[in-house]
Amino acid sequence: MDRFPVFLDLHNRQCLVVGGGKVAERKVDSLLKAGAVVTLIAPDITTEMGIIIGGQNVQHHARPFADGDIEGQFLVIAATNNPSVNAHIASLADARNMLVNVVDDASVGNFIIPSVVDRSPVTIAISTGGASPVLARQLRMKLETMIPPQCGELAGITEEYRDIVKKHLPEAQRKTFWEQALKGPFAELVYAGHVEDARRLLDEMLASYPNGQTMGEVYLVGAGPGDPDLLTFKALRLMQQADVMVYDRLVSKSILDMANQRAERIYVGKEKASHAVPQDQINDLLVKLAKQGKRVLRLKGGDPFIFGRGGEEIETLAENGVPFQVVPGITAASGCSSYAGIPLTHRDYAQSCTFATGHLKDGSIDLNWAQLSQPNQTVVFYMGLTGIEVISQQLQAFGRSGDTPAALVEQGTTRNQRVHIGTIATLPQLVKDSGVRAPTLTIVGEVVQLHSKLHWYEPQRHVIASEFSLDHPVAPVEV
């Protein structure tokens, strides 16, 4: 370790900043947030700097630096655009055993200002020792996505309860108590903004500890359509802290690999008529695991509330008093259409969009075909492969032209994505000829014709067109 990391208490301490540019802005702003008394030396300052120091504990001298300005300071920052002036300031401060930083030059001065993740009172500093400030900023941005904004509030509440916990529990039990509290529903309530509920839960935990049974929690999380980059920050955080994962067939391996590798994994996938575990048993399993005190990740492809039966699962949880959270995911219709370059709505072609299930039941699909066959709309069918003939027949029977463009998006948003273009009339044959397999989304509407112009995601440059053209029919072609 080349440099010693340390956090300074600057409340009411005299700090000097020389320079009035953009870099100086950030330094003055940080010093003021830390409670410092700031002296600013700069002939000219930016408009933003004027806003920052307005009404603050800052003395601004609109002139060049003079050697006497250094006297009486605890910390000095040289932030001018003149390296010679910065070096001179640093030598003066160093000779007086002052803390001095020279921006953009780690070799001058005696300390470096790190990149900071601020969740006060939680503060994380990242430094590369001056080797690569850009890398330090990139690492900070990654940490920003991993640490909930309410983490500081969580730390504040635990500070309030430290003395209370000390009175109630012997030293040997305190660490275990806090470990359980900070990885369970108490912390999640704070992150969700339910601070008073979190306090009540902490009081209950403390009153029953260590004999009380700690209730776990279920995270109903949408994994999105396949691309791991489409996960939300919250989904990823909950995935990485779960004790057990209950997952479906449509969750891609690359997403499963991002979950806690130590978590127990239970597969409950469904495929056509084959159900690994019946739905009522899945519901009961979630309750059972949570009552064992486990953090249960219920991971579903797409969005759990769009043809995902998520509502049924949390109904059972609510009836059994099990805490739960729902994290929405990007639904397949949105993700697959975007990656296929097919906007679901467009001013010229579709003023509405309908999501429907194409799942066959007793050889038919019970839908409002009259409504789905109306013009100037896009219809997206989930789980429609086995019912594609019925979909094609019914849309035409209720007045939708057989020449209406249609698309099959196979394994959308993944590296295996294929887009098959046809019409309502050619959909059944397109399914047979292409060998398309689930998961595949069916998109019907004039917006499909925009695919040839707007497609951008081509992991394999694999687009198949059937005999479809607005003007001239074409033979099947692979691009």
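Backbone N, Cα and C define each Cβ position, glycine as well.
According to TrEMBL, the residue from Gly193, Gly269, Gly412, Gly422 that belongs to the S-adenosyl-L-methionine site alongside Pro225, Gly301, Gly302, Asp303, Ile306, Thr331, Ala332, Met383 is Gly412. Fewest Cβ neighbours within 10 Å among the binding-site residues Ile306, Ala332: this applies to Ile306.
Following the DSSP three-state reduction, the secondary structure of Gly302 (S-adenosyl-L-methionine binding site) is strand. Counting other C-beta atoms within 10 Å of each candidate's C-beta, the binding-site residues Gly302, Gly412 are led by Gly302.
The average pLDDT computed over the region 'Uroporphyrinogen-III C-methyltransferase' (216-479) stands at 90. Binding of S-adenosyl-L-methionine is attributed in the record to Pro225, Gly301, Gly302, Asp303, Ile306, Thr331, Ala332, Met383, Gly412, and the widest Cα separation among these residues amounts to 17 Å. What surrounds the S-adenosyl-L-methionine site, by Cβ distance within 8 Å of the Cβ centroid and not counting Pro225, Gly301, Gly302, Asp303, Ile306, Thr331, Ala332, Met383, Gly412, is the set Gly224, Leu250, Phe307, Gly308, Gly329, Ile330, Ala333, Gly335, Cys336, Tyr382, Pro439, Leu441 from the same chain. Taking the Cβ of Pro225 (S-adenosyl-L-methionine binding site) as reference, residues of its chain lying under 8 Å away and at least six apart in sequence are, in sequence order, Gly301, Gly302, Ile330, Thr331, Ala332, Ser334, Gly335, Cys336, Tyr339, Gly412, Thr413.
Contacts of Lys270 (active site, proton donor) defined by a Cβ separation under 8 A and a same-chain sequence distance of 6+ are given as Asp248, Arg249, Ala276, in order along the sequence.
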